[in-house]
Amino acid sequence: MPDRIQTIAYPAPGSRPSRRDPDPLAPHVIVLFGATGDLAKRKLLPGLAYLQQSRFTPDVRIIGTATEELTSEEFRARAREAVETFGMHKLTDEQWSQFSETLDYVPVTAGPEALATAVKAAEGHLGPDVRRLHYLSVPPKAAQSVIAMLRDADLVDRARVVMEKPFGDDLASAIKLNDFVHETFDESQIFRIDHFLGKEAALNILAFRFANGLFEPIWNRNFIDHVQIDIPESLGLDQRATFYEPTGAFKDMVVTHLMQVMSFVAMEPPTALEPRAISEEKNKVFRSMLPISPTDVVRGQYSGYRNEEGVAPDSDTETFIALRVEIDNWRWAGTPFFLRTGKKMAEGQRIISIAFKEAPKTMFPSGSGVGSEGPDHLTFDLADSSRVSLSFYGKRPGPGMRLEKLSMQFSTQETESAGDVLEAYERLILDAMRGDHTLFTTAEGIESLWDRSSHLLEDPPPVKPYQPGTWGPNAIHQLIAPRAWRLPFEREWRE
Ligand code: BG6
């Protein structure tokens, strides 16, 4: 019997596991590769610290490893700084010292035996049923050597391995990487993570679409004009040039996060919220995607990018991308999906906007304002405190028939369980420890996406410059015309 989505099965934050909680988790040793990197600092260490004090997790010990030569003491000091700077939940001194006691560090240069010794020592503290979770927070090029190290260290039994995106660089390298990993781990042990799928708001798309009778009947090409998945970021490289320069916005964000989220918007109802059924529906969306044509893509690079430390003076890496995607199936043929993301843009937002087909307008008097603010929309905000808004035309009070755009909005902050929101990585780490693959990506899905991207990767259009603090190069307007980008919002979200 496959695992089901476990949302309702989790104990409340702050509570201790009770006997009634399903499937008590085995204790875990977590080996964190890339432990001094940006992701570990911003998300993984703060997330693990929170999970541990919220008692969601069983007994855990964490072994950090990276190329830097640090002692365990130095690593703990870095971890403390990371948790204090980036953690959404602050730790008391007592909570910190509990967490810190579980942290150790082994430099990669110490070799597989040293790692194996550290893992066995950690297991000694945790008892007989201990499991291993290897978290590979490393770039695609380093993934193979980490897998080889785990094999040489004999750390494969009782283990699961979480692999970060991007998974490979193109179709050939993804296939090669999958084959290589399969020589050591079987598929049930592999968790390819895409943290956007762990966001509360992304999961809410499934609830919204499939738990209500209202929207699903109109969720298709007959009623929806187009969809926008728009994730501009105001932040820049943040000392990540070594990762970003060979990666760029398409591989960092689009072939990963934006397309995974798109599959939640576009998929057919799965037979159950369980891994096989969800993956199959997502993979059908990817297989129905038309190959991305380079003429449907705008690549941009912010002015000043080439002067950043670690960036080549003639770099062709895109820091911005906007594209049109077509899903050629019975539900979506003719309804384009517009995707956009970039660094150093005017605002940080993460929205999915569904634009409905416009109504006939001639019955309204001229100058009434009908249609003047674009089509009616349903908008999902993928922020941690997720929001949904339905905007529509309504009558402005008073004489005559003047229309204006109004909206109904909902925020998870309004619910009593607002405090239960788990950060995406927290949720997914917990799911991986439970062995629940529902929100992880599959080899087949990733390979289809690389396959549909191959024309673009072989023949990318030249990067166009844009000024930091803007919405990208001017060509984005031609890409979407005669429609218009939904952002920037004409009205702020209501607080
Ligand atoms: C990461 C990308 O996967 O996602 C980053 O590598 C990006 O470049 C980040 O900034 C965005 O994630 P979130 O959850 O902060 O929106």
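Here the Cβ of each residue, glycine as well, is placed from N, Cα and C on the backbone.
Automated prediction, rather than curation, is the source of TrEMBL annotations.
Positions annotated as region 'Disordered' by TrEMBL: 1-23. The feature domain 'Glucose-6-phosphate dehydrogenase NAD-binding' is assigned by TrEMBL to 31-204. Residues annotated as substrate binding site in TrEMBL: HIS195, LYS199, GLU233, ASP252, LYS343. If you look up TrEMBL, you'll see 206-484 marked as domain 'Glucose-6-phosphate dehydrogenase C-terminal'. As annotated by TrEMBL, active site, proton acceptor applies to HIS257.
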Of LYS199, ASP252, LYS343, binding-site residues neighbouring ligand 1, Cβ under 6 A: ASP252
Model confidence over the domain 'Glucose-6-phosphate dehydrogenase C-terminal' (206-484) (mean pLDDT, whole number): 95
For LYS199 (substrate binding site), the number of other Cβ atoms found within 10 Å of its own Cβ: 25
Sparsest Cβ surroundings (other CB atoms within 10 Å) among the binding-site residues GLU233, ASP252: GLU233
Nearest-integer angstrom distance between the alpha carbons (Cα) of LYS343 (substrate binding site) and the residue listed as 'active site, proton acceptor': 15
Nearest-integer angstrom distance between the alpha carbons (Cα) of LYS199 (substrate binding site) and the residue listed as 'active site, proton acceptor': 11
Same-chain residues at least 6 apart in sequence whose Cβ lies under 8 Å from the residue listed as 'active site, proton acceptor': LYS165, ASP194, HIS195, PHE196, ILE231
Sparsest-packed among the binding-site residues, when each Cβ's other Cβ atoms within 10 Å are tallied, from HIS195, LYS343: HIS195
